[in-house]
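Database features (Swiss-Prot):
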BINDING   R54, T55, R104, H134, Q137, G280, P281  carbamoyl phosphate binding site
BINDING   K82, R177, R232  L-aspartate binding site
Amino acid sequence: MRHLLSTADLSRADALAVLDTAEEMAAVNQREVKKLPALRGRTVVNLFLEDSTRTRISFEAAAKRLSADVINFSAKGSSVSKGESLKDTVQTLEAIGADAIVMRHWSSGAARQLADSGWVRSAVVNAGDGTHEHPTQALLDAFTLRRRLAAATGEDLVGQDLTGMRVVIVGDILHSRVARSNVWLLSTLGAQVTLAAPPTLLPVGVAAWPCQVTYSLDEALDASPDAVMMLRVQAERMGGAFFPSAGEYTRTWGLTDDRFARLTAGRGALLDEPVVMHPGPMNRGLEISPAAADSPRNTALEQVANGVSVRMAVLHLVLNHDQEVRP
């Protein structure tokens, strides 16, 4: 794997290779000394041109646990704020010694443009590009679901996909790169994905995606989902009114206490105890109630922890793809 740009690029075998490698990395993360020499002498640049907490810190931790040198770059205080182009920025970073560029960018398609441009020889990892994709978030979500499934079935994790799992993704699909990446990846791994959102928050062309669409969250909850993934409303990307009010959105599309109680009282298609997922940050009281956010059924912090292992796997595979992992 030379780059990681989109989950749509990943075959089932590719996705399982990342998840299986991440399991080996997770074993390292349980040690007292959480280090591997896999990327010693390599330089990873975190080029974040949009704000981030979880993803940036997770990639930094992942690279350092693989013994890489890490350079963190943000637009604020750099020449980007003076109008420097992406081409000049990345060529400067490669001249400094970047072997991999982990990039978050406000423009959809920016990561693929960089990888295909010939501007640099560095590996490119998409850490989120506009409303397009966020592949490592989808991979860590799949990793989390696979672990839950293995715990429920007692089966070996290695080589296991998500066949038969039912996952509902709820909320602002229109502006969500997480939703797009999850639809492609989860369907590739055999899961049944349903999008639940008002028509105003669904993108044009969604009917062609490998998923089902419903305009009723309550109907989606009645279909015995194994996981319900709540998405925040991305008000910063909205130029107009996409729903009447915050209160109306919560009543219709929020995981309220009543809906959460219904979810936890039932069983999923494969999991006896369905889970709530959230990529963060959570807007408590809007898309998710405080009780649901704080429940042990909420895997948000589990997802964050798993993200380090998954990103270790991704960095290893794009930079050392011809070598075996040795935990």
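All residue numbers here begin at 1 and follow the chain in the order shown.
Positions of Cβ are set from backbone N, Cα and C atoms, glycine also.
What you are looking at is a predicted structure, and each value in this text was computed from that prediction instead of being measured.
Around the Cβ of P281 (carbamoyl phosphate binding site), a 10 Å sphere holds 10 further Cβ atoms from the protein chains shown.
Around the Cβ of R54 (carbamoyl phosphate binding site), a 10 Å sphere holds 16 further Cβ atoms from the protein chains shown. Around the Cβ of R177 (L-aspartate binding site), 22 further Cβ atoms fall within 10 Å across all displayed protein chains. DSSP assigns R54 (carbamoyl phosphate binding site) to a helical segment in the three-state reduction. Here the C-alpha separation of R54 (carbamoyl phosphate binding site) and R232 (L-aspartate binding site) works out to 15 Å.
Counting every protein chain shown, the number of other Cβ atoms lying within 10 Å of the Cβ of G280 (carbamoyl phosphate binding site) is 14. Most Cβ neighbours within 10 Å among the binding-site residues T55, Q137: this distinction goes to Q137. Ranked by Cα separation from R177 (L-aspartate binding site), the binding-site residues R104, H134, G280, P281 are led by H134.
Same-chain residues with CB within 8 A of the center of the R54, T55, R104, H134, Q137, G280, P281 CB atoms, the carbamoyl phosphate site residues themselves not counted, are S52, T53, A127, G128, V178, P279.
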